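Following: one structure in structure tokens, then a few remarks.
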């Protein structure tokens, strides 16, 4: 017992501090052992974390390959893109395995769409937009049923076929474009022509194509200028075109360079080249004097085709011109016939790099605006489409540039997400200023339910598989639910700091914001990016190949099923 006792005492004395305090060398030795052991533990933890990351990546790759294999099997499916009679060589896609959290979130988004649509149907049916607070409709776009037409593809994609069919009947029987109304060529193209073409591509119902042709024919005289640069306003009944007085008679860059996707698609589907010719002449004209940095001022003289001294921006009045340079290249299946679009876009991205600055102290990347040789530390929320555009276009570069632009996209997306997170309501203001030492400050403080940040999160999630972008999107969706949902739809905020509400449910909330939320929580086989390209109003348009100016493929091909679930712009604040 005594030996055992001594042995025990001898054993535990090494745990007593006095043993080491009286022996400095032993204390030093203990410290070295302790540090070494700690470093080993940290090393092991780091290795474990890295291992977990790699395992997660491998799981995603396995899941992706599994789904890809399943899609290649010729198994029957149903829903999106299903039509009654068309034939295609592409095998229909099989049921895609789905994440339970994504299913729940997607259903929440679908319920939000039903709430928005049901309110529009009840209080503003057939009118352009709903005023939810006063429960009435307004014709912001001349009475073209903007919200209804804008929502067609969203209803279809979400599987809300009863609502889609009712909207289809209204389009067939009540949509009339013979109106003595001065319409925005840009807004009418992206919302109405784009919405109708997308509904046609998804459903195969020719009524949508016929209506798209009708409205496009009414818009065409806008391009009858000496340079081919279109006037931005046209009377739908009489065909008289002009520019708004506040531009000094100039055409706007985004308004003139954001019809290419829709009008090229219309020529593809009708076989009539006149639509394509009008809009491609615009790019040909601009390409004659396209600058080395690819950055154009926002005003263009429709008589000479020359740009005027005016701001350069990726925000309002500039944004979607750059977007369409990339997307027409994608729409044309990246063939030699559309190579010049990609070349122009890459020049513009070099220019964009020259506009990037970082805030202090948090190093948020942002896109400046430029006037002459001066840079302004201001960024519109509208410019938050750029991260998605950069991510989408990054794959066309070699490995080095591809990673550089993808990394920039991720940095800008983080900034745009913080536009939301930096306010009391967690909703973004219209624009932000970056002052030294202050990171970001809200400039214009309203929020009108814009989609651009959610759009970029959708692209980044699709292209990287990083679920962080889904989490950010979910946080933004919840902020809309908390601050913008009212009894009769959704409204914007007059001030994102106070949460005071306005009285307008913008049509693009249903066309873009809710659609991108839904797709953010849907499998990649839903509107796959290798088969569809989104116009700037989030209307998916089927990709068809151009070769030597000719369209390759069956223009009347109906779409087969994609999957089966298991379970902007400028001037839109009116």
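Even glycines carry a Cβ here, placed using N, Cα and C.
Here is what TrEMBL says about this protein:
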- 187: active site, proton donor (ACT_SITE)
- 319: active site (ACT_SITE)
- 384-416: disulfide bond (DISULFID)
- 430: active site, proton donor (ACT_SITE)
- 452: active site (ACT_SITE)
- 536: Ca(2+) binding site (BINDING)
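Nearest neighbour of residue 187 (active site, proton donor) by Cα distance, taken over the recorded positions 319, 384, 416: 319. Among the recorded positions listed (430, 452, 536), 452 has its Cα nearest to the Cα of residue 416 (disulfide bond). You'll find the Cα of residue 430 (active site, proton donor) roughly 18 Å from the Cα of residue 536 (Ca(2+) binding site). When the alpha carbons of residue 452 (active site) and residue 384 (disulfide bond) are compared, the span between them is 5 angstrom. Residue pair residue 384 (disulfide bond) / residue 536 (Ca(2+) binding site) shows a Cα separation of 13 Å.
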